[in-house]
């Protein structure tokens, strides 16, 4: 039987088709993963959103904006949260789940570690030792989780595994440093007041009062940035104020009462935090030399840690015996435990700075609000478990429990309302499918 000239080529094409079909699914999965990674790369370094207290999405693109996603309502969100497994099965993305878990752990453990440092006797408010590891941890924002574990190319042209972290490229210049100095000054005052209030009133009361930072952020942004809020957002803000008022009505405000002084100082720190958020957004979204979020965080870490090191040399070290040594001996503290707590504060600050942008970029601002609500409830309960026998203000009472529930509900409602308010604007700005 004589074969035609084109028969051999057709036979070879048919034989190669089986091998091509075997790898078609794998190539399709890699292409989808690469397109998704490129989409998120275009959205790197999002500007800060003063409404939600988290980085916001950039201008509308073909991909849905993560800041406008509601959990469980977007198929694209489900595609991002899951990864393709064998046989086209979808499984939970372990890297994303791990980042959320680490962020939540670091988010909740910071106030508890400061409380533990206080009971060791090493948390003198004028020494500010607990702030140094926090700002040093901010320097770790240069490390960012990789978007994919299988996008690296080996010398042989094969795809290999990436490292779980990569060094983020930061664009620093003289104008950016000037802006960072201004923001760092406000944030340093905020952090000093916040940690002093935490030491005085305890983590349980602190976490309730600090929830008011959302309220102050909204009010300051309405005055400075002329931002408008929906009635649902105003209702959630009033809900937070109501929860804080429930706790405030249970206090006896006297200047010699540490808890009362701590509440006032924490409230002042919440106002400064709101101002920091608004100034951050103004600098990051400015049409004249905007500064990316990670770059600003890194520069703030450098500036604040340098100032604190200078304060330590000028004040803390000359008075180290009175401020630290005598108090540690009086409380029966252990240098080993103190060192472990300081290392824990550094790690929590590093994890917080390195994972925040990745989580917001992948899951949106609503998830940030849910995590903030989880932090409020978790710190409130854990403070009772670990420190109630050491400080009466840490113990649960019916009024505190109701106040915490109202604050958590208000925080979550605000973020949901903010996300819903952004959706219509995004749809109007997005090009229609017919164009």
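Cβ atoms are placed via backbone N, Cα and C, with glycine included.
Note that the structure is predicted; figures quoted are calculated from it, not measured.
These features come from TrEMBL:
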- 27-44: compositional bias 'Basic and acidic residues' (COMPBIAS)
- 1-66: region 'Disordered' (REGION)
- 96-117: transmembrane segment (TRANSMEM)
- 123-143: transmembrane segment (TRANSMEM)
- 205-225: transmembrane segment (TRANSMEM)
- 232-249: transmembrane segment (TRANSMEM)
- 261-279: transmembrane segment (TRANSMEM)
- 291-318: transmembrane segment (TRANSMEM)
- 338-360: transmembrane segment (TRANSMEM)
- 398-418: transmembrane segment (TRANSMEM)
_Can you tell me which recorded stretch out of 123-143, 205-225, 291-318, 398-418 has the most Cβ pairs within less than 8 Å of the transmembrane segment (338-360)?_
123-143
_Counting CB pairs under 8 Å, which listed stretch among 96-117, 123-143, 205-225, 261-279, 398-418 touches the transmembrane segment (291-318) the most?_
123-143
*Do any residues of this chain, six or more beyond the ends of the transmembrane segment (96-117), have a C-beta under 8 angstroms from a C-beta of it, and if so which?*
80-81, 123, 129-130, 134, 145, 195, 198-199, 202-203, 206-207, 337-338, 341-342, 344-345, 347-349, 351-352, 355-356, 358-359, 362-363, 367, 371-372, 374-375, 378-379, 382-383, 386-387, 394
